[in-house]
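J.: Quick one: this structure, given as structure tokens, is what I'll be asking you about.
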Amino acid sequence: MLLTVYCVRRDLSEVTFSLQVDADFELHNFRALCELESGIPAAESQIVYAERPLTDNHRSLASYGLKDGDVVILRQKENADPRPPVQFPNLPRIDFSSIAVPGTSSPRQRQPPGTQQSHSSPGEITSSPQGLDNPALLRDMLLANPHELSLLKERNPPLAEALLSGDLEKFSRVLVEQQQDRARREQERIRLFSADPFDLEAQAKIEEDIRQQNIEENMTIAMEEAPESFGQVVMLYINCKVNGHPVKAFVDSGAQMTIMSQACAERCNIMRLVDRRWAGIAKGVGTQKIIGRVHLAQVQIEGDFLPCSFSILEEQPMDMLLGLDMLKRHQCSIDLKKNVLVIGTTGSQTTFLPEGELPECARLAYGAGREDVRPEEIADQELAEALQKSAEDAERQKP
């Protein structure tokens, strides 16, 4: 079920976030998840539902009457409770590579320096084996919660990779390194705030810190208002034939001329027509050597046969690129709504290729040897492998 948590910190800053949990999830586990999202230690949190505080940490959420879509209030106590901690005390707050999470990161960044120092000193990070540096406990919790695992993979890829590797030692090392790095940054931040206000170096660093906060705030707004801007799109390719040989052509209205790789020209048997007097250097993002030019060749798009000229490049990953010279010559129109390329001189159209039919150099990178696997399948496979390794480790540790 999906629960919305309205969080009020001790400094009266507010934040709202959502958690996907099971109905039989116990309250102490829920407190730990709230700590990861809000930064409020579980021992200092008070959870209220329907104006009634939830106190029994071993009862399930469903036993309190919580259901899908409900809202709970998380308050930070004025003074930490001195009684012994619950089952998951002081779980480490993960720094998701300093990427602001919508609605959660900005208030925490504005905490007073004293509050930050109380949670970020190196002594706290390395002193308590059952507290902030209990990687085995944290690993088991993340592996048991697919929602938190997906957030970790999105916001802290290095730690997620170490977690899914199944190697507890590697996971512990990465976790401690990130905690220590966070402590160093916080100490540097506190030092800058307490430095001489007329120190130019300190002021420059404070200015840079403010600039980084503005960047993260801008990114937070983008993640909330336009999350699609963080996705990747595949380029526009079409099927065609050159001299009777099938070729996948890249449609690029930003390229000045139509080009073809030397390997593709050899496959299409048009290297004999290359005029090497047109040799030179093609400049764009990088540079490529132009071997020469084929002044006239026949390109077949669907049922149309169109005359075209090519500049032949020596080292080019894509076989063929339809540039602006070819597109304007045949009055081509890129219709993204219909996902087609319209040939204006003939009225015919051809569909842009889906990612599965693109050449390997044009597909989105999912990892070596895994180009044909969808991202969600990769995530499921990695999660299954990590759970299996965790179960095997638990079996080996049994007396």
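Every residue number used here counts from 1 along the chain in the order it is shown.
Glycine is no exception: its Cβ is also placed from the backbone N, Cα and C atoms.
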J.: If you check Swiss-Prot, which of Ser150, Ser333, Ser348 turns up marked as phosphoserine?
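T.: Cross-referencing Ser150, Ser333, Ser348 with Swiss-Prot, phosphoserine lands on Ser150.
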J.: Would you mind telling me which of 56-75, 276-295, 356-375, 376-395 Swiss-Prot tags as motif 'Ubiquitin-binding'?
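T.: In Swiss-Prot, residues 376-395 carry the label motif 'Ubiquitin-binding'.
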J.: By the record in Swiss-Prot, which of Ser18, Ser97, Ser172, Ser194 is the one labelled phosphoserine?
T.: Ser194
J.: Fewest other Cβ atoms within 10 Å: which of the modified residues Ser150, Ser194 wins that one? Let me know.
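T.: It is Ser194 that, of the modified residues Ser150, Ser194, has the fewest other Cβ atoms within 10 Å.
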J.: Provide, as an integer number of angstrom, the distance between the C-alpha atoms of Asp252 (active site) and Ser150 (phosphoserine).
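T.: Per the Cα atoms, Asp252 (active site) and Ser150 (phosphoserine) stand 35 Å apart.
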J.: Helix, strand, coil residue numbers for the domain 'Ubiquitin-like' (1-81) per DSSP?
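T.: Per DSSP, the residues of the domain 'Ubiquitin-like' (1-81) fall into 18 helix, 30 strand, 33 coil.
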J.: For the motif 'Ubiquitin-binding' (376-395), what's the model's average pLDDT?
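T.: So the average pLDDT across the motif 'Ubiquitin-binding' (376-395) works out to 64.
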J.: Could you measure between Ser194 (phosphoserine) and Ser150 (phosphoserine) for me? Cα positions, answer in whole angstrom.
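T.: Given the Cα positions, Ser194 (phosphoserine) is 38 Å from Ser150 (phosphoserine).
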